[in-house]
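S.K.: According to TrEMBL, the record shows the following:
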- 2-80: domain 'Threonine synthase N-terminal' (DOMAIN)
- 92-329: domain 'Tryptophan synthase beta chain-like PALP' (DOMAIN)
- LYS112: N6-(pyridoxal phosphate)lysine (MOD_RES)
Amino acid sequence: MRYVSTRGEAPALSFDDVLLTGLARDGGLYVPEHWPTFTVDEIRSLRGLSYQELAVQVMKPFVAGSLTDEELTELVGRAYATFEHAAVAPLKQLGPDQWVMELFHGPTLAFKDYALQFVGHAFEHVLKKRGSRITIVGATSGDTGSAAIEACRDRDAIDIFILHPKGRTSDVQRRQMTTVQAPNVHNIALEGTFDDCQDAVKALFADTEFRDEMALSAVNSINWARIMAQVVYYFWAGLSLGAPDRGVVFAVPTGNFGNVFAGYVARRMGLPIEKFVVGSNSNDILTRFFETGAMTMEGVVPTLSPSMDIQVSSNFERLLFDAYERDGQAVKNLMAAFRQSGTYTVAEEPMAEMLGLFEGLRLSDEETKAVIAEVRATTGELLDPHSAIAVAAARKTGLPDGVPVVALATAHPAKFPDAVEAATGHRPGLPERLADLFERAEKFDVLPNDVADLRAHIRKTLHVS
Ligand SMILES: *Cc1c(COP(=O)(O)O)cnc(C)c1O
C-alpha cells in the first residue's frame, strides 16, 4: 500500500516510511492511496475472531509490502498482551440498543493505548530492520504523554523525551509518566505552561540541523499508524452487534478527530455504520462546523474533559480530502485560509456529503456530570467525563428503533476521580496494576523555559557532544 498527502504535493510513501515520517513534507497528512474494502461475506467471516486475530485481518491491507503477515501477527500479539481484559475492548449494555465499548483496559487506562501500544512495537521493528534509531520528543498536558511513554519504554531503538508543564498536571497523570524507570524514558518538567511546552517542542523540530542530528520524531495523533490501529475496535463492536447484517451507530467523544476518523475508515472498508455522533464539550469547533459549514477557531476553555479541550481538530483534514474527492489543491487552499484568518467554509457538495454521515453535539460540564450520575444509578457503570459525553450524545441523537448505538468510553473513571466524585459522591479507585502508583519513586528533570537549555539537555542525556 502507498500513501499520499492530503495536500497533494509530498511524494507517495510506503507504510513504514509513513510510520516514521508523521506529517507530510507539504504540511499535509498521509492517507492510503485507496481504501481497501471487504465484501459482505468477508466481513461475515471475521465473526468470532479474537481481538488480536481481527486486528491482523483489518490492518493487513494497510501494511502490505512493508510487514509480512507473520511480522504483523507478532507485533499485534505483543501490543495487546499488556491489556487487562480478556476481551481487550469489552462491550457493556446500558439499555435497549445502547452500548458502551470500554477502551480503557490498556496500561495507561485511556483509549490512546489501543493505538500507541501497537505503534511502539511497529517503530521498534522497522527501526531495527533499518539499523537506525530515533528520538521521540513530545509535549503533554496529561494523557498522551503517559500513553506514549508506556508505548516506547524499554525499546532499544527509541529514546523518548516528554515535556509537561511543571506543577500543572494532575498527580495521577504526572506519576503515570514520571514513575516509569526505563533508561530510555526522559521526563522533563518545564517551568512554564502547556503552551510553552508545545512551543519548545515546535522549536526543536524547526531546527533542522538538530532534528536531523537527533533523528527527532513524534507519535502525535496525526500519525497514520495510530488511526489504522483504531479501525480495529470499530469492526470489533460492529461484528459483535450483528454486522454485516445489521447497521450500527457510533458516538465518539472527539478532540483531534483521530478516533472518529478511524470509524470513518472502517465504514469505507465496508462496515455498515449508519452514522457518527461527534460529541464535544464547550470547546465545540466541530459541533459549530456541522451546524454552520464554517470551521472557525476560538479560544480554549478548561472543562471536566481536558483531553477534548482543543482549538483545532487536526485529523479533520483527512475527512476533507475525501469530501473534496481527494483534491489536494482544494484542501491546501482551505488550510491556507484557515492559517491566515482562523476560518474556512466548506462548499455545498462536500458539506452535504459530510452531513449525511456526521452529527455534532455539544455537552456542558453540568450535563456531563448529570449523565455520569444517572448512568451509575441506573446501570452501575461508572463513566469518566469523556465517556459520559459520548453516552449523552448517543442519547440525544434521534434514531430509528433497532439500530444499536455504541458510545466509546475513552478513559477509565479513576483517571478523573474529582469529576466522577463530584457527580456521584463515589471516588473511583485505581485498578490493581496502578494501585501503588503513589508509592512509586518519580524520575524527572526540571528545566527552565528555554529552548537552548532543552537542546543542551537532550544532547547531554544522549551523550552527544
Ligand atoms: C485523546 C482523547 C480523546 C479525543 O480523541 P481524538 O482522537 O483526539 O478525537 C477523548 N477522550 C480521551 C480520554 C482522550 O484521551
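Each residue, glycine too, has its Cβ placed from N, Cα and C.
Just so it is clear, the model here is predicted, and its values are computed rather than measured.
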S.K.: Name, in the order they occur in the sequence, the residues of the same chain whose CB lies under 8 A from the CB of LYS112 (N6-(pyridoxal phosphate)lysine) and which sit 6 or more residues away.
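M.R.: The list for LYS112 (N6-(pyridoxal phosphate)lysine) reads GLY106, ASP143, THR144, ALA147, given in order along the sequence.
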S.K.: Give, as a single whole number between 0 and 100, the mean pLDDT over the domain 'Threonine synthase N-terminal' (2-80).
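M.R.: Mean pLDDT across the domain 'Threonine synthase N-terminal' (2-80) comes out at 96.
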S.K.: When DSSP states are grouped into helix, strand and coil, how many residues of the domain 'Threonine synthase N-terminal' (2-80) land in each?
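M.R.: Tallied per class, the domain 'Threonine synthase N-terminal' (2-80) gives 37 helix, 9 strand, 33 coil.
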